[in-house]
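Student: OK, TrEMBL features for this one:
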type	residues	note
ACT_SITE	Tyr81	active site, proton donor
BINDING	His137	substrate binding site
DOMAIN	39-301	domain 'NADP-dependent oxidoreductase'
SITE	Lys106	site 'Lowers pKa of active site Tyr'
Amino acid sequence: MRCIVFVITTLIVHLSEATTGGGKASKISLNDGNSIPALGLGTFLGFDEKGQKEVKPGDSEKPVKWALEAGYRLIDTAALYLNEDQIGAAVRASGIPREDIFIVTKLPMDNQRDVVKQLEKSLARLNMSYVDLYLIHNPVAFNPGFKGFDIVDYLDTWKGMEEAKNLGLAKSIGISNFNTTQIDRILENGQIKPSVLQVEVNLHLGQDKLIDYCKRNGIVVMAFSPFGPMFHDSLPSIRPDDPTLVAIAEKHGKSVTQIVLRYLIQKGVVPIPKSVKKNRIEENIDVFDFNLSSEDMNKIGTFNKEKRTVGMSFWQDHPYYPFEKSDQVHDNPFESAN
Ligand SMILES: *[C@@H]1O[C@H](CO)[C@@H](O)[C@H](O)[C@H]1NC(C)=O
Ligand SMILES: *[C@@H]1O[C@H](CO)[C@@H](O)[C@H](O)[C@H]1NC(C)=O
Ligand SMILES: *[C@@H]1O[C@H](CO)[C@@H](O)[C@H](O)[C@H]1NC(C)=O
């Protein structure tokens, strides 16, 4: 009897590994026939008082190594994050076949006129022959080195993205931080549909309308900043010790952050929590062995305030700025980094 149970369990494990490439996350189909893991690792190290944080050797390589060991098969980076070399090194060192790992990178915001050349530079840094997904980082473009706005039509940039896909340098192509008016324009004028939109989604910024729009158009939504302001003490928000969230977490024997990630997954979006701590990285992907009930989902949904944590108001005078404009305009942190 025990032997039969063992055989069956092994069989199930093997079957699920066959469909997830050895990873822990389930997979979601994209509109171009490819598929993406349902959760991934974000790798942007963020800012400090001097601007964009300097990336030191190992800063991104170690977290990616831990993530791959923990069963992640989706890693999100960008030319702007200055860590593509470390991501590539961690993937090669893992011994996991390249084709089992889904690598996302993004077009630099300060070079949106020569997409294929920029992707080739990213591929050289990654030391890879293709990426799984290439995204236009933002509809807002700058001159090289962030020296002022570049008013380049994102439809022209999209043509370059299509060329990158046709050349096989990117298996899938998509956009990030675009609004529905802008996506409509791409859908009307492009040859290839975007397969993914990456935007901020969390308990405070539910983005229900945008997510519905994407579902209707066959576009998968990836969620950056999935915890929103939860751990920013300066922002008034839901705290990780909120009694409603704690009660749901306790009921499932999980942590509040795991509940948040599971909520986003059941909403149909792909969260990419960023962490550089091994225990956090492991905890964040341990969300595929339970389900939230529709009652849990509704309770968690009531925290939505449609409020952004990642504002980009310093770019709001650009004609393609995608979001509502703000009265409080901060300095562009990327400019001060240069
Ligand atoms: C690039 O990858 C190849 C294996 O695909 C490896 O032999 C080479 O050392 C790598 N180069 C760098 C700079 O890491
Ligand atoms: C969660 O729900 C899905 C589909 O609704 C089901 O296939 C899966 O077995 C459930 N998982 C658990 C751990 O209950
Ligand atoms: C999207 O951005 C464009 C350009 O900034 C703006 O004109 C348009 O009103 C925005 N649409 C939505 C739905 O926010």
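Even glycines carry a Cβ here, placed using N, Cα and C.
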Student: Just to verify: the residue among Lys106, His137 with the fewest other Cβ atoms within 10 Å, which of the recorded positions is it?
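Tutor: Selected from the recorded positions Lys106, His137 on minimum Cβ neighbours within 10 Å: His137.
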Student: What's the number of neighbouring CB atoms sitting within 10 A of the CB on Tyr81 (active site, proton donor)?
Tutor: 21
Student: Could you state the whole-number distance in Å separating the C-alpha atoms of the residue listed as 'substrate binding site' and Lys106 (site 'Lowers pKa of active site Tyr')?
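Tutor: That comes out at 5 Å between the alpha carbons.
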Student: The domain 'NADP-dependent oxidoreductase' (39-301): mean pLDDT?
Tutor: 96
Student: Between Lys106 (site 'Lowers pKa of active site Tyr') and the residue listed as 'active site, proton donor', how far is it from one CA atom to the other, in Å?
Tutor: 9
Student: What does DSSP assign Tyr81 (active site, proton donor), in three states?
Tutor: helix
